[in-house]
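Chemist: One structure, as structure tokens, below. Some questions next.
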């Protein structure tokens, strides 16, 4: 728009102003300083990673062992790393937001309102699409194939491509921090505010393409997981012998298959409005923004259950494992999960009770919303009864799970309050709502993912995480959560609206100060997790678990070495019981050599996924900045890559039976040399991954 | 025909005992593709719902469906797509029973020609509407119309490209298992697009005119 | 509950003529139904409401014909996984499309 036609052809809407630090140099103040700090952190982080890879000469390993790998466990770990990096950014942003709101009572805060708008938009978008989703998909990738007795997911290349698309979206969001500005439309991006008429900049386009890429990736993931669970279960693993985490993985995948599409449709329609002058959600010529709201929440509500169901699965495994007991009410938990999955498609209107529909319609959806409380309540009782008369061990994972239960029930109660349309009219769009959904998602999703991280980390890497630093982070996160979000309930009832960059009521101040302290405590929790990772890697020789079963686990993923071999199982096991591995331990069939081994076919590494990641990130960037030559080139290149791949014939390699035998027997010998650890020494170096069998 | 091995059936034409190995491989692959198609159906369902609302509420003083839709070309398009579904079936039968490359390629080429005719006619219709000032920028109704019908058109076009790629693969690789299962997947994709088109000609064109 | 055995009986012998006949029946039925639908609108034989209802019915029947004869989906012989999937998809499509139309019409009635 500003440059010469020549520049416009090559660079689109990019200009000097979109470069990093230009704003800060032109006008240094608190607002631009925070922006410059963020840009410096992002650039520094990327450069630091490259320097480290170069200094340690790890580029080759990084490429061959990770980026091109089609192993579900490695793809899962990459998902989790992506999620943690994005979590770091989004929590720091949250800290800035709490500081701004505390400092902006009856005066302008340190950040400009536009900048504050970018912060809450990236915070929400990252937390949902680039933290929660990758985290849970990563955990499912690592655990689910092991749990159901499969060697891999059904479509390994598709799995890598899903990761590539999600990563490309994350790359776009990180680029938006450095070049240009992000959307100010919130994570939900409601038009008409996000339409061209009100938001001509590139920010909304960054949001559209980042979200679209990740939503396509997630749809493909859902298909992949569902087919894997349907078709690749080990012999004897009937539906009702499947561990609960795999059940929740299945239900989440099914929701993903159906619910990501409305989001893709909504963002693409918004893109058509912005790029091609269509009238879907505009104010003029028959556009209807309510249409967007409807489509967005058709996705948005099921999304809540996409991110929460796998956490429910994790808690089920944790309560059962660390109480040393069979899961109570297994069938009711399965049916409750299915009920939640179906009900999640019946309640989306409660996100826009105030849009102006009739009371009948609101009542219908209000009742449906309250119904979800029933299966969720069933689950809470099942978990409680799993702990009753168990030998409960309060490890970090268990602490997070118990804190989840207490906190989540409080959040659920405020949810039932909000499900009343008349009450919703009073508090909608206020900080009460913000408090409510953080009260669901932090214990519900984040604590679940943390618990999963602590439980399965030894399986992924072969050594345990530091228990001491885990506990420190647990207490910081828990107290931090209550301090940061309970005041928001009060503020919401006092009339404070969400996403406000400035306040005019001095009564808010004490509450905002408390909330800011909570945010600091949460940051401390996050910092202690970074320390924990560092300490655990440093001391890894004292926490190794070569036996592969550090927690006296009950399902199949604990039955092989840690980390597991590429092919997961030397021989696909026969399943006899719901707690398949416990059954094997009690019947003495764990750690035994099978009669004969067979050749195993595994997919070869492929460069397709990293290529698609680079190309789709380029595509998103080109679309955002209207660089049409790059748009067309990268779009064609993506499909050319896919078609070229379809001409590859040798995509599998065979691991000979002799090699499998040798590796398996070597591991069995090493297990024989281990001393079984009683549970009271679970968190000490006596735990070498072989559990004492109590008959 | 006394077979001991019994086969479960997946969507589309089953290879069954004519090629048991491919049948077994196809079973899971087709299930996966079928799941994808269900997800794709959600896309169309949403566009239909959007069209249902916008064609009534989003006219904005512009032309209504009754003003600008006529039935002649949609009828020809319907027949082209329907016959192409049938010829794809004949291609699948040629692949299953005869292992006959010439016959398979013949029916695939016929299918391609019919599909290309469909897309060509649709593009002609669209340019005609735009030249008369009834482009997608005119009103919410026309935006929804172009999106729904255009999305279907893009699906058919990508099916055509896919068909071309597979024709090349039939020549390069012969009728191996990969090529066969890919043709089976393209077949159910193609039939499913015809199913979606039933919805379009009924709810967009016929409802619009009636 | 036990897992369904993966193999269900395939009662039909694999007879090329039989399968060719299936495609022909499907093709002919589909053409007839299409002709009926277009003819109904062209001839103005019914009033608008009746016409819309009959058109919807014809479309549903034609979708079923395509499923049966071209996609070979069959309630008795298809794999259980696929049937579950189709039925569940039907439910979700009904909820999504039906709910959307309900909500948008409701809103429009109050504009």
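Backbone N, Cα and C define each Cβ position, glycine as well.
Unlike curated records, TrEMBL annotations are generated automatically.
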Chemist: State the residue range annotated as transmembrane segment by TrEMBL; the candidates are A:15-35, A:36-56.
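Modeler: In TrEMBL, the transmembrane segment feature sits at A:36-56.
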Chemist: Give the range, chosen from A:556-572, A:573-589, A:590-606, A:607-623, that TrEMBL lists as transmembrane segment.
Modeler: A:607-623
Chemist: Tell me if the transmembrane segment (A:511-535) touches the transmembrane segment (A:77-99). I count contact as 3 or more CB pairs below 8 A, with pairs 6 or more residues apart.
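Modeler: Yes, these stretches are in contact.
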Chemist: Could you pull out which residues elsewhere in the chain have a CB under 8 Å from any CB of the transmembrane segment (A:327-351), counting only those six or more residues past its ends?
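Modeler: Contacts with the transmembrane segment (A:327-351): 240, 244, 247-248, 251-252, 254-255, 258-259, 293-294, 297-298, 300-302, 304-305, 309, 312-313, 316, 319-320, 357, 361-362, 365-366, 368-369, 371-372, 374-376, 378-379, 381-383, 385-386, 388, 418-419, 424, 578.
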Chemist: Please give the sequence-distant neighbours of the transmembrane segment (A:36-56): residues at least 6 beyond its ends with Cβ less than 8 Å from one of its Cβ atoms.
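Modeler: Those are 20-21, 23-24, 62, 85, 174, 177-178, in sequence order.
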